[in-house]
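Participant: Could you have a look at this structure, given as structure tokens, before my questions?
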Amino acid sequence: MDGKALAAKVDVATKNKVQKLADQGIVPGLVVILVGEDPASQIYVRNKERRAKKMGLNSVVRKLPDTISESELIEVIHEYNVNPKIHAILVQLPLPAQIDEFHITMAIAPEKDVDGFHPLNLGRLLVNKVAKTPVACTPQGIMTILNAYHISLSGKKVVIIGRSTIVGKPMAALLVNANATVTIAHSHTRHLSEVTREADILIVAVGIAHFIHAKDVKEGAVVVDVGMDRDADNKLVGDVDFESVKPKAAFLTPVPKGVGPMTITTLMAQTVSLAEWSSEENG
């Protein structure tokens with residue numbers, strides 16, 4: 001399953017929406033707040049900024065020192081909550097130890113929460129009231145991949161390995177809403193391989209290189225690899241051992257060029273959606 005090619009298609013549709021908004025005098029605005037000097041975070045933020053500019057968005061990167069207090073960071077977020085030119089706010093994780101991620105998530109206005117992590121938006125997802133609601137970008141990107149490849153979800157057994165608020169939990173809610181039968185597995189799951197071999201669709205988000213091998217996968221399964229890991233040679237690999245699983249899987253997302261491109265594409269699309277919803281609300 002080629003996430004890069006699909007992302008390019010979605011980007012075309014998003015650019016068309018950006019043009020329509022521009023005709024109304026609206027430029028979708030995305031602010032990414034980066035706290036500290038984490039090298040991986042800096043790369044992610046640079047990629048987001050580059051893509052946003054390419055899409056014609058108003059892209060702002062706000063860099064803050066890692067000594068910032070929680071209350072000071074919340075003040076910065078409030079600046080953008082009330083700024084009508086900013087439609088989407090993203091705080092790059094991880095944050096320094098003195099800052100509680102939950103408090104920061106709560107500080108973002110739900111209607112500007114482009115990551116979909118605010119409890120109000122997660123709650124709307126849980127009760128399947130997702131019209132005009134941002135949803136976590138990686139799970140939403142995975143749903144776009146599954147739909148593009150016409151993979152039916154209704155009645156299918158899906159196993160998700162990983163229970164984070166970023167991937168596992170919102171992914172489960174999206175799949176349940178699509179009538180799948182969902183199991184969330186994690187580090188405390190017993191006999192994990194037995195559980196994964198039951199899956200018609202296996203979604204792996206554990207952050208351990210080559211965690212899943214052919215023996216863990218049912219013949220003909222759909223396997224979605226969310227991992228972005230480095231192997232012993234510092235090569236970018238996924239949580240799934242691609243070469244061993246490939247002959248067994250009906251569909252398999254590669255790393256790179258699988259889920260990763262769809263996550264950033266979904267972030268751009270969702271920024272534009274937030275701008276559209278804001279213009280509808282404000283007439």
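Yeah, the Cβs are placed from backbone N, Cα and C, and that goes for glycine too.
No curator has checked TrEMBL annotations; they are predicted automatically.
Heads up, here are the entries from TrEMBL:
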DOMAIN    1-115  domain 'Tetrahydrofolate dehydrogenase/cyclohydrolase catalytic'
DOMAIN    136-276  domain 'Tetrahydrofolate dehydrogenase/cyclohydrolase NAD(P)-binding'
BINDING   Gly162, Arg163, Ser164  NADP(+) binding site
Participant: Have a look around Arg163 (NADP(+) binding site) and count the other CB atoms within 10 A of its CB, chains all included.
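Facilitator: Result for Arg163 (NADP(+) binding site): 17 neighbouring Cβ atoms inside 10 Å.
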Participant: Which residues does Gly162 (NADP(+) binding site) neighbour through Cβ under 8 Å, counting only same-chain ones at least six apart?
Facilitator: Gly168, Ile184, His186, Ile203, Val204, Ala205, Val206, Gly207, Val226
Participant: Give me the mean pLDDT over the domain 'Tetrahydrofolate dehydrogenase/cyclohydrolase catalytic' (1-115), rounded to a whole number.
Facilitator: 97
Participant: Please work out the number of neighbouring Cβ atoms within 10 Å of the Cβ of Ser164 (NADP(+) binding site), leaving out its own Cβ.
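Facilitator: Other Cβ atoms found within 10 Å: 16.
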